[in-house]
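This report concerns only the one structure given below.
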Amino acid sequence: MTNIRKSHPLFKIINHSFIDLPAPSNISSWWNFGSLLGVCLMVQILTGLFLAMHYTSDTMTAFSSVTHICRDVNYGWLIRYLHANGASMFFICLFLHVGRGLYYGSYTFLETWNIGIILLFAVMATAFMGYVLPWGQMSFWGATVITNLLSAIPYIGTTLVEWIWGGFSVDKATLTRFFAFHFILPFIIAALAIVHLLFLHETGSNNPTGLNSDADKIPFHPYYTIKDLLGVFMLLLFLMTLVLFFPDLLGDPDNYTPANPLNTPPHIKPEWYFLFAYAILRSIPNKLGGVVALILSILILAFLPFLHTSKQRSLTFRPITQILYWILVANLLILTWIGGQPVEHPFIIIGQLASISYFSIILILMPISGIVEDKMLKWN
């Protein structure tokens, strides 16, 4: 009799995705982040569900309801901080996952890569709306500043912003709709993640060499299930350390002050994972130009497959592009630091230089180095 996991219509899909899936024998720990993102998403949906049971999306009671969760609900503080810091873990895994794709040329899987970019935008939108929900000072002013950027769109801008707000300012209607979207988006993200996986399994995984690995495949289970499990335990250990010892490390103290439309905080800034994009936005003096640069800072990922000039897929054997890659990583860290600094000298010029070098490395220097390396190998 055929094994049920190979014959049952439902189990068969799971079997082909997580058990009998042929995987390259040499994929490193950089390939762990896909499964870790799945774990992060599950943690966020579960903790979010329990938070939603006690949260009220009304401007008068939102802040109090979060306080109530932390003080009166059994383990409410734990659920709240797991959710808040879980978002940070989500973004750490996301950035490492994208960075891995960039380094090893995984962007040549076009469909998988493009769904990934849509996922990145969806997660960023979800995180932004989630940050508004506690209705603290930074929640309110962050929502005001970021939604206001849409007013830079010619002709329809102002109307669009008022339509999103549901009035003439960020108010009750805005909070209610943000809660609704924040609740539904993670389920859309989960569906998109399945599509992401579906496209990946059409081609099979990439590997550190960037070469075809059809000749050397191993079953996903037990090899990579146990490897992923180790990653999951390490992730949870890191998350729990953050939650139990430093719960407010990555948060903003201003968000412990209830939202007040009459009092602007001295420094309006988003959560740490948006700071690099925020720095790029601020480095352009023109409003519309800043918005375009902000969107392009992420959307530039979609151009990567067309900017690939090398005959090699991965950066493993390409030392010049490797150097550029790590300069790009350092550059992003500088942008993250600048995004959290006030708009004054010398931070303005540092941010502008870092923004220029960010786009230059991706659009100009990396494609040139790909051609140069091919020339050095006499492959051209």
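Glycine is no exception: its Cβ is also placed from the backbone N, Cα and C atoms.
For reference, Swiss-Prot has these:
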type	residues	note
TRANSMEM	33-53	transmembrane segment
TRANSMEM	77-98	transmembrane segment
BINDING	His83, His182	heme b b562 binding site
BINDING	His97, His196	heme b b566 binding site
TRANSMEM	113-133	transmembrane segment
TRANSMEM	178-198	transmembrane segment
BINDING	His201	ubiquinone binding site
TRANSMEM	226-246	transmembrane segment
TRANSMEM	288-308	transmembrane segment
TRANSMEM	320-340	transmembrane segment
TRANSMEM	347-367	transmembrane segment
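DSSP assigns His97 (heme b b566 binding site) to a helical segment in the three-state reduction. On its own chain, His97 (heme b b566 binding site) has Phe33, Gly34, Leu37 as residues at least 6 apart in sequence with a Cβ closer than 8 Å to its own Cβ. Taking all protein chains in view, 21 other C-beta atoms sit within 10 angstroms of the C-beta of His182 (heme b b562 binding site). Residues 99, 102-103, 269-270, 272, 274-280, 282, 310, 347, 350-351, 354-355, 357-358, 361-362, 365-366, 369-370, 372-373 of the same chain, all 6+ positions outside the transmembrane segment (320-340), place their C-beta atoms under 8 angstroms from a C-beta of that stretch.
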